[in-house]
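Heads up, the thing below is written out as structure tokens.
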């Protein structure tokens, strides 16, 4: 596709947006790949809490692959990008909600969360397939720097249908999940603060948990809300390309940030520390053996 009329911006600005998306998406792919490698490398980490993070990472990886798709090279790439960002984008925010629910069940209800895993898997990977119902109405087209549900400029029935499709497949679920995640984490934070914790070590752990619970919804607000605002305001006018670039890069970086905040748990850091310590010990032993041989 080389015709400027197919884009909301000039071809030069569209290329800048694509480069920004590709750079952010590539970082997220590296972060997600790291978490996946960790998951398969350390069997001790494959308990349900980290499995939930693994499921989130799979969704983020798919979304990131869609983000870097070279849609300007042909319609097939545009369609693939539309499939990936629609399906995995919704899946990612659903997994954030499931993690919030699991934390709430484990801390407030003090129940085992294993019984919810199959429900999480069904909702997290099957329900996003509903986004493909859009294809019954129309195919994906370039819209504000990414292939998604194209919005026509004319105020007619077609325009109204496109707005409804956008709202149903992403904006409404995002808003509901954001409110849900914030509400669940606030409940857990208050529950932790109300608990009678006497030991100093437990207090430190509680403070760390509270800090992370505050960060989780902040990630969604910082990296997903800007693109939502940009796209909602685009109903009446096309935003500046620079604002679209910043908002799109935020979405592209979401997988990278999730891999750090959700993925780098204390258990992961402990396992990595053990691995590096063992390697250092082996290197030291090898050096000592070599020096002994030289002395002989």
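Glycine is treated like the rest: Cβ placed from N, Cα and C.
Keep in mind that TrEMBL annotations are predicted by a computer and have not been checked by a curator.
According to TrEMBL:
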type	residues	note
DOMAIN	17-266	domain 'G-protein coupled receptors family 2 profile 2'
TRANSMEM	17-40	transmembrane segment
TRANSMEM	52-72	transmembrane segment
TRANSMEM	84-107	transmembrane segment
TRANSMEM	119-136	transmembrane segment
TRANSMEM	170-192	transmembrane segment
TRANSMEM	213-233	transmembrane segment
TRANSMEM	245-264	transmembrane segment
Among the recorded stretches 17-40, 52-72, 170-192, 245-264, which has the greatest number of Cβ pairs closer than 8 Å to the transmembrane segment (119-136)?
52-72
What is the average pLDDT across the domain 'G-protein coupled receptors family 2 profile 2' (17-266)?
87
